[in-house]
């Protein structure tokens, strides 16, 4: 039986804020957007949790933000980054956010290796978004969302990325 | 002193390398437990292994059990550095022979503090 527990949005925000400030510093804090924004389409990183709680954590960011994140984490100039660097940094970021979201939920459970796509993750009828954070860092938008399998709740809901285009490339680490 | 950094993320290996290099360690990197085990088999003799849990080919827990089962590597200090924060997982890793456990995200100070506890780093006390 899959637990239909959903994370509290405030707890997820606390996780994201902690991960962001630890890896990327506190000089430029991550902030909530004052109004909902379009989900960034250029990079999406995702990890899934399986076990007593099942779900997925997705981070969608603009290309500029992705490069700024990778440059900060790797201590490199953004101009010197290869696409693999950006993919790896985003994968680690979603891995840590996902692992800490997992710790908020019933266990035991396991975390998948991250999946990073240059583009958006296609909509899926197999999951529904139960938590969405529209955030801003360095005046660039990012979106962190938590999804659960549609079978985990009696209430069907909208799927994420219902208006997004297909991804152009994917890779796993 | 030599540290073997085992993580499938190059980003995380870079972050850890910066921290331990600053402390005077030389470093070798491995992208998974099997690569790390191969490095040990080839003669690498690190004082410290920093080990992620979730990796392809061989995870960090399996690496710890393999190292602890071989008397050649009994003196290597093993520190898990991972997002796995469930109490049961931490207990499993420590019972398998890991000496310390750090949960991501971590600050450089958290790593230094653990290495001090393990006696691998001595912080200078200001006069």
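Including glycine, each Cβ sits where the backbone N, Cα and C put it.
What TrEMBL says about a protein is an automatic prediction, not a curated fact.
The domain 'Response regulatory' annotation in TrEMBL covers B:2-119. According to TrEMBL, the 4-aspartylphosphate annotation covers B:52.
Cβ neighbour count for residue B:52 (4-aspartylphosphate) (all protein chains, 10 Å cutoff from its Cβ): 28. Taking the domain 'Response regulatory' (B:2-119) as a whole, pLDDT averages 96 in the prediction.
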